[in-house]
Amino acid sequence: MKNFLIIIILLISSFQFSISNRKQNYYNQQQFESIIINILHKYFTYDFEEPISINHNIENNNDETKVDPNDHVNVELWNKLNEEDIKKMPVIHDYSNEIIAKKWLKWYLYIVQRYSQIDIYLHWNYMTNITEENQKAITAQNLIQSPFSRLVLPIAKKFNEYMKYSENYDLKRIFGGLASSTTSNNDDDNVKRISKLGSQLEDIYSTTKVCELNNKKKCYALAPYLERLMQIEKDYDRLLWAWKGWHDECGNKIRPVYLPYIDLLNKNVKENGYHDLAQYWIKGYGIGNVTGFESIIDQLLKNIMPLYEQLHAYVRGRLCSKYENRFDCNGPIPAHILGNMWAQTWHDRLDDVIPYPDAPLINITKVLIEKKISIHQLYTMAESFFTSIGLYPMTPKFWARSMFEKPTDRNVVCHGSAFNMGYHDDYRVKICTEINDDYFYTVHHEMGHIEYYMAYSEKQPFVYQSGANSGFQEAIGDTIGMFAISPAHLIKLGFLDEENVNLHYEINYLFRLALEKVTFLPFSYVMDKYRFLLFRNEIDREHELNSKWWALRIEYGGIMAGAPRNDKKNFDAGAKYHIPSNVPYLRYFFAHILQFQFHRAMCRLQGVTKRLHMCDIYGNKYVGEKFKEMLAMGASKSWPEILENFTGENKLESQAMLDFFQPLYNWLKMENLARGYPVGWM
């Protein structure tokens, strides 16, 4: 969700035909009282009920006993209230009349509020307890909401024909957003089918297991076993077993469900005036038209590629020495030997490729275990970072209702995500947390979403309660995460001795971070590059459905499949969560650019302009105040204005990342030359 127009789009979309067309790895605040008070109040003569006040800065927020177990959405009651209110739609005799438009909007928003709260509540239930009963509840709710969606969209479009010329800024933007929404024009059978397909995809991904070749009774889920194996295993063939097993078992099962699913989604957006699903996604970013958008991401990646190519050359050279005669030392790197199931980040192979073994980085996982840090303490440590700079503590409901660990009694969607339940200060995370460095970072990231939700829900009317764009949402937690793992901060935590931090240590640290941040950019680029081609029917599904994926991975990242693949049965893209869950992925590409812009701006605020990798903002409430001001703006202005207000820059630019890694880039160029490592792969 990119700006408040897109909130409205997604609200309408949530009533349509599919749960997965609106799936996100976070959910936005749904306090519609605030829009009524802050936007419509100034235009109407009647009184409005004041919204419930929210105080995030209460003490002892982790006291779960404060939470009333009955304080949640009442699905049956909400639906009954909406059934009655839908019958009370204001009479419309003139679509150009702004008083009538405001009255209709007020009626609409009260109904949408309840439906949206139900929607989030049911999705939380399903993702934390994958059962047929919970899936059926979502399908049944979609069928209840679809007629309302079909009713209101044509009306909103008629209003927009006049409101787009209005001098009232809010009405112009709100109705413009509504008119750009989509809804299913098909019957309830189609709604059922798409909802069922979406749930099937979630179920396949979350329940797939890989069995030992010689023992079919000994099988493993992706989390935690296979993910951990990919991180720590060194044996080439064992890694290949895990990689091939997951891609075969998951991707191959996803394929026959995913293709008809996206065909239905594509058909729907076409019926609503879009060329394809790619155009619909691109519109949501608020970064120009299709051509302009794609030229921007192409240029951002092009700017980063010299750094990436040097990094790729060095890692390939080192791994070629470890795995002699296993792959071409001048070509792409096999995907399964980079420490990650999808080769999207490579930092878990640091020990094998570290530039200076004489200056090993602190092992955060080892320190956490030695200090006997509990899972709960991981979250309180992250919370303390946020509060140290003046951001919010978590709410009682966060501690009482979040899923912090993988349950042993039911299937869940383990992929980490943050939820804004939109009801009475209810924020949650869903993470199958383990005690290691990756989750240390993930916890900061997901709680960053919560901080963003709190900041704009406190300061903005609902209409502006969203991230400036979806890249902002993802970048907030990552920015704090970078500070949290910086050498300077680890020294403050007592994890690292200051005397151990020398030039070799700093190069190792920059190298490790580049293996996480820089390597991710080509992967995230290809994730949506591939899907855009698929949505546009520019991929021959019979002859290149899988080979096209790997052609793009090779072209843009120099990564190849670990084993021979088959276009007739394999669908390796589908083995990545965000494909079956239909989550747009370029938000993470943008977030990786933005977080370095945010990071540089925060360091500058405390007077640091050099060696940015050694900057730490912990405890700096002045920096936190400025950061909080940006968060609190939500979507009240365009994202370039919000970005400029905080960083002084009004566009996405890769220079901040390049500046951060400049010492490493200089080192890599000299080292690759000295070692005779070739740069490039084609």
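Just so you know, glycine gets a Cβ as well, placed from its N, Cα and C.
Annotated N-linked glycosylation site per TrEMBL: N129 (among others), in sequence order. Listed in sequence order, the residues of the same chain lying 6 or more apart from N129 (N-linked glycosylation site) and placing their CB within less than 8 Å of its CB are R410, N411, V412.
As annotated by TrEMBL, N-linked glycosylation site applies to N168 (among others).
Feature annotation from TrEMBL assigns disulfide bond to C211-C219 (among others). Sequence-distant neighbours of C211 (disulfide bond) (same chain, 6+ residues apart, CB-CB distance under 8 A): K217, K218, C219, Y220, G245.
Annotation comment: TrEMBL describes N214 (among others) as N-linked glycosylation site. Counting only residues at least six positions away in the same chain, no Cβ atom sits under 8 Å from the Cβ of N214 (N-linked glycosylation site).
The feature chloride binding site is assigned by TrEMBL to Y285, R587.
The disulfide bond annotation in TrEMBL covers C414-C432 (among others). The number of other CB atoms found within 10 A of the CB of C414 (disulfide bond), across every protein chain shown, is 22.
Within the same chain, residues at least six positions away from E474 (Zn(2+) 2 binding site) with a Cβ under 8 Å of its Cβ are H445, R587, Y588, F590, A591. The Zn(2+) 2 binding site annotation in TrEMBL covers H445, H449, E474.
What TrEMBL lists as Zn(2+) 1 binding site is H445, H449, E474. Its own atom aside, the Cβ of H449 (Zn(2+) 2 binding site) has 25 Cβ atoms within 10 angstroms in the protein chains shown.
All protein chains shown were included, and the count of other CB atoms within 10 Å of the CB of E446 (active site, proton acceptor 1) stands at 26. The active site, proton acceptor 1 annotation in TrEMBL covers E446.
The active site, proton acceptor 2 annotation in TrEMBL covers E446.
The active site, proton donor 2 annotation in TrEMBL covers H578.
Under the heading active site, proton donor 1, TrEMBL lists H578.
Here TrEMBL flags C603-C615 (among others) as disulfide bond. C603 (disulfide bond) is surrounded by 22 other CB atoms, counting those within 10 A of its CB over all protein chains shown.
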Rounded to a whole number, how many Å is the Cα of C414 (disulfide bond) away from the Cα of H578 (active site, proton donor 2)?
13
List only the single closest residue to C432 (disulfide bond), chosen from the recorded positions E446, H449, H578 by CA-CA distance.
E446
Applying a 10 Å Cβ distance cut-off over all chains shown, what neighbour count does H445 (Zn(2+) 2 binding site) have?
25
I need the most crowded of these disulfide-bonded residues: C219, C615. Count other C-beta atoms within 10 angstroms of each C-beta and give me the top one.
C615
Sparsest-packed of the listed recorded positions (H578, R587) - C-beta count within 10 angstroms:
H578
Around N168 (N-linked glycosylation site), how many other C-beta atoms are within 10 angstroms of its C-beta?
16
State the Cα to Cα distance, in Å, between H578 (active site, proton donor 2) and N168 (N-linked glycosylation site), rounded to an integer.
39
Nearest to H449 (Zn(2+) 2 binding site) in three-dimensional space, by Cα, is which of the recorded positions N168, Y285, C603, C615?
Y285
Count the Cβ atoms, other than its own, that fall within 10 Å of the Cβ of C432 (disulfide bond), considering every protein chain shown.
20
